[in-house]
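Chemist: Just dropping this structure here.
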Amino acid sequence: MASQLTDAFARKFYYLRLSITDVCNFRCTYCLPDGYKPGGVTNNGFLTVDEIRRVTRAFASLGTEKVRLTGGEPSLRRDFTDIIAAVGENDAIRQIAVTTNGYRLARDAANWREAGLTGVNVSVDSLDARQFHAITGQDKFRQVMAGIDAAFDAGFEKVKVNTVLMRDVNHHQLDTFLAWIQPRPIQLRFIELMETGEGSDLFRKHHISGQVLRDELIKRGWIHQLRQRSDGPAQVFCHPDYAGEIGLIMPYEKDFCATCNRLRVSSVGKLHLCLFGDGGVSLRDLLQDDAQQYALEERISDALREKKQTHFLHQSNTGITQNLSYIGG
């Protein structure tokens, strides 16, 4: 079939976020504050390497150029390097990235790079080791920082760092973050805290609009960059005096969904049209044999007709997303 995925609102989809596990070994306050709780899925229930190969092949045939491997914590999969290589078999996929807590980055960055990984996002919500421990439940700050250094040593030209913006936690630490990226080619992405089914109280207490940071950046001479078609949702800013960049992800901003270019597949093979949508379309029965590819592509394309124009976060409707590890954040 090989036609570009397009929805009823003429949005084109070049970017797949593929969750390969919902297991995580961190207990971040905004995601899994009580730690990982199995939802009836064993490690054997997650997508296999062959299933991942087939689903990414179908998306590549439908115009996908970028695949981001998410979790949970993707690197907890023992076959993670094999998964990277399987995705990389598709020549049409130009970028293969991972979002990781950095737990195994120092050990494995070079192997991931060799397998075909082209991009790394690391979650770092504070540059203070004690606060990092308090947020994540893990005393691993120095290990994660060493992992970022290892990523550069392995040949990644830029590392993206995700920081969830939280009122009275880290929103006042802009100067500290800017000093950190001034000599380093790091794109630091501040992500507005999003409400989830399990996180409503935390959201009400700590949400702050990214507009506050955007106004401050513009006042300091930071310049808004143009997005590429397979980029994520961040508004990216650069400054001539800084090697690093700042990204702002503001899902509550008007028209945030107008430029949506990404779809999600969960670790058990469900297609999700929106992080905060309802339900999901099972693809797994069509991931068992290479001969099913045409039917798989048809199911993906047909499902896209149901994609809504926007999320409904403004009405506190978080859809199926009980926490951000559920379908890969």
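Backbone N, Cα and C define each Cβ position, glycine as well.
Annotated domain 'Radical SAM core' per Swiss-Prot: 8-234, in sequence order, evidence recorded as sequence analysis. Sequence annotations record features per position, and here Swiss-Prot assigns GTP binding site to Arg17, Arg68, Thr99, Lys160, Arg262, Leu263, Arg264. The feature [4Fe-4S] cluster 1 binding site is assigned by Swiss-Prot to Cys24, Cys28, Cys31. Taken from Swiss-Prot, the feature S-adenosyl-L-methionine binding site covers Tyr30, Gly72, Ser123, Met194. According to Swiss-Prot, the [4Fe-4S] cluster 2 binding site annotation covers Cys257, Cys260, Cys274.
How about a rundown of where these features are and what they're close to?
Modeler: In this structure, Thr99 (GTP binding site) is part of a beta strand by DSSP.
Taken residue by residue with DSSP, Cys24 ([4Fe-4S] cluster 1 binding site) is part of neither helix nor strand, so it is coil.
Classification of Gly72 (S-adenosyl-L-methionine binding site) by DSSP places it in coil, neither helical nor stranded.
A coil conformation is recorded for Cys260 ([4Fe-4S] cluster 2 binding site) in the three-state DSSP classification, outside any helix or strand. Counting every protein chain shown, the Cβ of Cys260 ([4Fe-4S] cluster 2 binding site) has 21 other Cβ atoms within 10 Å.
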Chemist: Given the model, what does the mean pLDDT over the domain 'Radical SAM core' (8-234) come out as?
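Modeler: Over the domain 'Radical SAM core' (8-234), the predicted model scores a mean pLDDT of 93.
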Chemist: Using other CB atoms within 10 angstroms as the count, which residue among the binding-site residues Cys31, Leu263, Cys274 scores least?
Modeler: Cys274
Chemist: Let me check the 10 A CB neighbour count of Arg262 (GTP binding site). How many other CB atoms are there?
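Modeler: That number is 21.
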Chemist: Lys160, Arg264: which of these binding-site residues has the sparsest Cβ neighbourhood within 10 Å?
Modeler: Lys160
